[in-house]
């Protein structure tokens, strides 16, 4: 019985370790790292490495991705184009030309925009930023070229790197083993000739919010026209001990944020950008709130028409040290399959399972509100969504008008307790409630959102 119990525990642990990186709204989302060997050299090979973000609504923000691995033997990196290793390592055994990196476990980062053209290749040099595939599929890829030495020089003698890691930019990603796949076929610029990689292997990395952080990074609050109750984010929704100290006044927040940026610049200038001090200064600097979340999403049921209803979405940033560029918001609600119009946000449906269309991805309009500014008077973006009613399912009762799940930048937000949702008064039908309660609810909502 003891052996059987141990076996069951092992199976359960394995199941949980797989399930923890599974996102039911994006079941096939992953980041794939592809190595294409383009040519052999006297002591190794030249490979084109491509990082494809196949996650529908999770991006990699600045300071960008970091890819690492362990060489199987004593390989070195002679040179790179479009990226660089962060540490050269000990190359003292080489007497003449020194390799770009001699570490057995190199860590590679993207180059910054504006580097000389002879250091660039296609899809490089964006500071490691990768947009979500559902948001910008043509830009959701990065690439660099690496020349590997002291390695195999044929398909039979090459040993694949192992123990791949991916930071995006923080933890949360788990990478599988490198696997040889059919060689990539390329089409020439005139589209009249095909060429083929000499060898190709793939590495698949999946994200787990539970590995990335102990606490959520966002929370959700609710309000409605038919009830003057505003349901706030749950107390300590993002961990009250995780973000200490916090800032009580906007003036202090701005002052500390500027001080942090100057300290960070000085640390980088003196080569201490990766030190403990710099890491501490990069930590979130949050406004003091009861929920202590960097981001709050507010869903307000605003208006009720005969055939339509309208909801207002407001995203508020409480972090004085973070701008969210290219942000994404995902909401799950059964009426999102009948969206008629979205005001001041872009919108795409997220269809994960056949014909089920109950999930929508929202993101900002380019050069208008695609950047959620740091905490303060400009640290919010908002939009309204107009939806056509389905007479078979539509109701304001039992919290039906509020979303089931909300994600910000790919991370699931903490929802309020279901028993706290604004209820529909029994004494008045929805139309009457709309007229009686709108003014009171809107006044309270404005005060709440500005707090």
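For all residues, glycine too, the Cβ spot is worked out from N, Cα and C.
The signal peptide annotation in Swiss-Prot covers 1-21 and is backed by sequence analysis.
Residues annotated as N-linked glycosylation site in Swiss-Prot, with sequence analysis given as evidence: 30 (among others). Taking the Cβ of residue 30 (N-linked glycosylation site) as reference, residues of its chain lying under 8 Å away and at least six apart in sequence are, in sequence order, 54, 55, 204, 205, 206, 207.
According to DSSP, residue 155 (N-linked glycosylation site) sits in a coil region rather than a helix or strand. The feature N-linked glycosylation site is assigned by Swiss-Prot to 155 (among others), with sequence analysis given as support.
Other Cβ atoms within 10 Å of the Cβ of residue 163 (N-linked glycosylation site) number 13 in total over all chains. The N-linked glycosylation site feature in Swiss-Prot is assigned to 163 (among others).
If you look up Swiss-Prot, you'll see 202 (among others) marked as N-linked glycosylation site, on the strength of sequence analysis. When secondary structure is read from DSSP and collapsed to three states, residue 202 (N-linked glycosylation site) falls in the strand class. Cβ neighbour count for residue 202 (N-linked glycosylation site): 17 (other Cβ atoms within 10 Å of its Cβ, all protein chains included).
Summarising the annotation, Swiss-Prot assigns N-linked glycosylation site to 227 (among others) and lists sequence analysis as the type of evidence. Note on residue 227 (N-linked glycosylation site): other Cβ atoms within 10 Å of its Cβ, all shown chains, come to 20.
For 323 (among others), the entry in Swiss-Prot reads N-linked glycosylation site, with the evidence type sequence analysis. According to DSSP, residue 323 (N-linked glycosylation site) is assigned to coil rather than to any helix or strand.
Around residue 338 (N-linked glycosylation site), the same-chain residues at least 6 positions away in sequence with a Cβ under 8 Å from its Cβ are 387, 388, 389, 390. Swiss-Prot lists 338 (among others) with the feature N-linked glycosylation site, giving sequence analysis as the kind of evidence.
The N-linked glycosylation site feature in Swiss-Prot is assigned to 357 (among others); the stated evidence is sequence analysis. For residue 357 (N-linked glycosylation site), the count of additional Cβ atoms within 10 Å of its Cβ stands at 16 [all protein chains shown].
The GPI-anchor amidated asparagine feature in Swiss-Prot is assigned to 426.
In the three-state DSSP assignment, the secondary structure recorded for residue 163 (N-linked glycosylation site) is strand. A 10 Å radius around the C-alpha of residue 202 (N-linked glycosylation site) takes in none of the glycosylation sites listed as 155, 163, 227, 323, 357.
Closest to residue 163 (N-linked glycosylation site) by Cα-Cα distance, out of the glycosylation sites 227, 323, 357, is 323. Each residue contributes its Cα atom, and for residue 155 (N-linked glycosylation site) and residue 323 (N-linked glycosylation site) these two points are 46 Å apart. Rounded to a whole value, the Cα-Cα separation of residue 357 (N-linked glycosylation site) and residue 323 (N-linked glycosylation site) is 31 Å. The DSSP secondary structure for residue 30 (N-linked glycosylation site) is coil.
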